[in-house]
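The structure appears right after this line, and notes come after that.
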Amino acid sequence: MTTTLPQSRILWPQVFALAMVQGAIVLSWVIYNLYLGDLLKQFGFSAGFVFSIILLENSLAIVMEPLMGRFSDQTQRWFGSRFPFIAGGVILASFLLIAIPTIVIFGQPIGLIRWLLPIVVVAWALSMTLFRSPALSLMGRYAYGSGLPQAVSLLTVMGALAGAMGPLANQFILSLGPAIAFGVASIVLLGSAALLRSVQPEAQVEAPSLSLSNAKSRLSVIRLILIFIVGWGFGMGFRLQMFAFPKILAEIPGLDVKLILGAIFVTIALTAIPTGAVARRIGNRSAMTIGFSGMIVTLALMSFVHQTIAAVVAAISLGTCLSLVNNGTLPFALSMVPTDKAGVGTGMFFSGGALAANLFGSLFKETDTFAPSILLLTAIIGWFVAMVAVGSSRKLEA
């Protein structure tokens, strides 16, 4: 049942709970990606097979993200709540997350048991698509208008802190072993969903009637395409720059590459709230455009990064610009669809990101064979395409 809470543009308890869900999602993927290759290889699967599994997961996500978002929109309309949909997805994902190391520890890489592992692995990736778009689309209920980027900044903080564990704590996570690492991720995922359930997940901030006047208007195909393009550009730009930057850093003598990469995520976390306030003041699209422009300029100047201080400055610049963009992507997607279609709008953004992941894997399978300049140029193209899509959306608001 929907509860409307007045006198606030942002429902902070609900936003905090949703940020915990976002952090749990990112942490789960960090742990999964750290272990996936080794676990499958223990069962006799080749590196090429692992690559094929990743491509399959991303291919399915292209379709599943908007589809699950649409189903959650229907669930909201029919039953007045998305949470049963979200809870079911979280429970299934947590169970499958535990099942992955269980199969490796207690199973034998022979016969049908051997093939059970990749089946469960793909099933887990699919289960994550069941609830990500439905869950994050709830942000449209917890904030509105210029308050959305500021609210999403809390999700950016939690996502960045969880993401930082990849470069900064990967050895510690691997030292835990798959049973403990996957178990912790499963518990955190369940705990975050329980926290969301405890704070009235269907509460809704009271928005001006003007914001709700088109709540049940039709979906615009052009708007959905623009959301998809922004998701694609974000995915391509981020992945390519995060693969190109370490190549440049590796040429600097004595530099701790993982520490600099971790600094990007730490910077995102530290600047998320201030940049959210900036977006609230100047507008979300303007803030995103500044972020896109800053990343393009920073990547264009990467050829001058030859010293530690330059690497640190580049990491801080990338982190700050990513913060501006990260804060804006979800509000952008939500602003482009009617309020009762928030799930499909959110899903289209993640669908574009999944396509980017697929193209990245297909075109840049052997990243060592590409010069950093090629990777950086392609990243710049990705960011530029996303920036143009955001700019084009302004005409639809006129």
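Cβ from N, Cα, C; glycine included.
Summarising the annotation, TrEMBL assigns domain 'Major facilitator superfamily (MFS) profile' to 219-398.
The annotation transmembrane segment is assigned in TrEMBL to 12-31 (among others).
Positions annotated as transmembrane segment by TrEMBL: 43-64 (among others).
According to TrEMBL, the feature transmembrane segment maps to 85-106 (among others). Sequence-distant contacts of the transmembrane segment (85-106), counting only residues of its own chain at least 6 positions beyond either end whose CB sits under 8 Å from a CB of the stretch, comprise 28, 32, 35, 39, 42-43, 68, 71-72, 75, 113, 116-117, 120-121, 123-124, 127-128, 130-131, 134-135, 177-179, 181-183, 185-187, 189-190, 192-193, 196-197, 201.
Long-range Cβ contacts of the transmembrane segment (112-131) within its own chain (Cβ-Cβ under 8 Å, at least 6 residues beyond either end) map to 25, 28-29, 32, 36, 39-40, 43-45, 49, 53, 56-57, 60-61, 64-65, 68, 85-90, 92-93, 96-97, 99-100, 103-104, 350. The transmembrane segment annotation in TrEMBL covers 112-131 (among others).
Under the heading transmembrane segment, TrEMBL lists 152-173 (among others).
According to TrEMBL, the transmembrane segment annotation covers 179-199 (among others). Among residues of the same chain six or more beyond the transmembrane segment (179-199), those with a C-beta under 8 A of the stretch's C-beta atoms are 13-14, 16-18, 20-21, 23-25, 27-28, 31-32, 34-35, 83, 86-87, 90-91, 93-95, 97-98, 100-102, 105, 135, 173.
Positions annotated as transmembrane segment by TrEMBL: 220-239 (among others).
As annotated by TrEMBL, transmembrane segment applies to 259-279 (among others).
The transmembrane segment annotation in TrEMBL covers 286-305 (among others).
With a cut-off of 8 Å between Cβ atoms, the residues of this chain six or more beyond the transmembrane segment (311-330) that come close are 136, 139, 148-150, 152-153, 155-156, 159-160, 230-231, 234, 238, 241, 245, 248-249, 252, 255, 260-261, 263-268, 270-272, 275-276, 278-279, 284-285, 287-288, 290-292, 294-295, 298, 301-302, 305, 346, 349, 386, 390. Summarising the annotation, TrEMBL assigns transmembrane segment to 311-330 (among others).
Residues annotated as transmembrane segment in TrEMBL: 342-364 (among others).
For 370-390 (among others), the entry in TrEMBL reads transmembrane segment.
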Contacting positions for the transmembrane segment (12-31) when only residues 6+ beyond its ends and CB under 8 Å are counted: 93, 97, 128, 132, 135-136, 138-139, 141-143, 151, 154-155, 157-159, 161-163, 165-166, 173, 181-182, 184-186, 188-189, 191-193, 195-196, 198-201, 203
Feature contact check the transmembrane segment (43-64) with the transmembrane segment (370-390), CB under 8 Å, 3 or more pairs: no
